[in-house]
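Participant: Sharing the features that Swiss-Prot gives for it:
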ACT_SITE  D89  active site, nucleophile
DOMAIN    160-377  domain 'TRUD'
Amino acid sequence: MTPHEIDIALGMEKYYYEDWNELDGTIERPNGFKVIEEIDFKPAQDWKGETKGKYAVFLLTKWGIDHFSAISEVQKVLHSKVNYIGIKDANAITSQLVYIPLNEKQELIEKYQSRSFILKFLGFSSKKLNHTGNIFEISLSISDFDIVIERIEQIKKNPYLPAFIGYQRFGTRRPITHLIGKYLLRRDWEKAFYLILTYPFLSESKETIDIRKLIMEGDFKEAVRSIPSKFKQEKLLLKNYMRFNSYYLALKSSFIPISLYLDAYQSYLFNLYLSRKLDEYKNLNDKVNLLIRIPIYFNNCDDVCKEIYLDEGIERNFFKLQEFKISLRDLVRKAFMNIRDLKVNEETKTISFVLERGMYATILLREILRGDPRKFT
C-alpha cells in the first residue's frame, strides 16, 4: 500500500508490512491518547523522591496544551526555570516529571491546578532522572477491531518497526516545521517567517485561517489584534517584525527555540534515508543495535545519503547557522523501535505499550491503521 501524501511529505515513503490495507479508525483526542513518562521502568507518578536534594521534582499532568506553553505557565507558577526530560504531545493527556534547581529563597508549591494542567510536588533529587521510556494507552474508535488485534499479534512476534520520527516533530495540523528549518538553514529569513505565520491548512479553525490570510494580505495591525493569546509564537514574531521591520530580528525573538525547526529538517532527512534503506534493513537479524547516522558533512555520506543531499541542495557548512549560534551535529538514531509490553483490551478497544525515549506511538498507529494520519494524530 502506498503511504498517504502527508507521510510522503515527511519522508515516510514505506510501511514495514506492505500488504495491509487501510482501516477506518480514529482516536478521540485528547482523552483517547494517554502518555506517561517511564522513570526507572516505572510510571512517573510512582517515582519516589528523597527528603532533600539539589532539585525539587514535580509531576506535571497536562491536556490540550502544547509543551512550550505548558512549561511557560509552570515557570510562572514556580518562579523558576523548569527542566524537563522530554517533549510530550499537545493533543493528549500526558504525565511527566519536571524539576527546578533549589535556592535558599525557594518556596515550594505542593499542588497547583489550572484549566490545562496539574502540578504536584513529589520530592527531591540530586541525581539525573533515568528516563527509560514512555507508556502509552490509546483508545480506538473502529469497527474492525478484530483486524487490529490480528495486526498486533503479528507485530508481537517481531516487535520492531521502523523508528521513523513522528508527526509531532513536524506539526500534526501544519506539518511544515521541517520546511521552516530548511529555509532557516538557507538563510531565507523571509520565507521562514511567512511559513510560520501564513500558509493556512484546512485542518485549522476558521479563526486561525482568517488571521493567516490577514498576514498574507499585509494587514499586520488587524492580525496582531486578532491573534489569540494561545498563539504565542505567531503573535511574538509579528509584533517584533512590526517593531524592527526585519524578518531576521523577528525570528531572533522566536518563542519556540529555532533549533527545533532545524532538528525537524534533520528528522525529515532521517525519515527519507530510512525509507530508502528499509527493504535492506528488514532482512537483518540484529534490529536492536542497528544505528543510522545522518552526517552534517557530505563526504561522510553513503550513496543513498549523497543522493538525498544532492536532491535537497545541501552544500558545505549547510548545517551551521552562525546567525543563531547553532551548529548541528550528526543525527544518530536507531533504525528500529522496540515495542514493549504490547497489549490489547478487546472490550474497551484499547491498546497499550511502552516505547523507548524518542520513539513515537503514532508510528505504530500509522502501521496498524494506514491512510490519513490526521485521523489518529
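Glycine is treated like the rest: Cβ placed from N, Cα and C.
The structure displayed is predicted, hence computed values, not measured ones.
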Participant: For the residue listed as 'active site, nucleophile', name the DSSP secondary structure in the helix/strand/coil scheme.
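Facilitator: In the DSSP reduction, the residue listed as 'active site, nucleophile' maps to coil.
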Participant: Quick one: mean pLDDT on the domain 'TRUD' (160-377)?
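Facilitator: Over the domain 'TRUD' (160-377), the predicted model scores a mean pLDDT of 96.
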Participant: Ten-angstrom check, please: count other Cβ atoms within 10 Å of the Cβ of D89 (active site, nucleophile), all chains counted.
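Facilitator: Total other Cβ atoms inside 10 Å, all chains included: 25.
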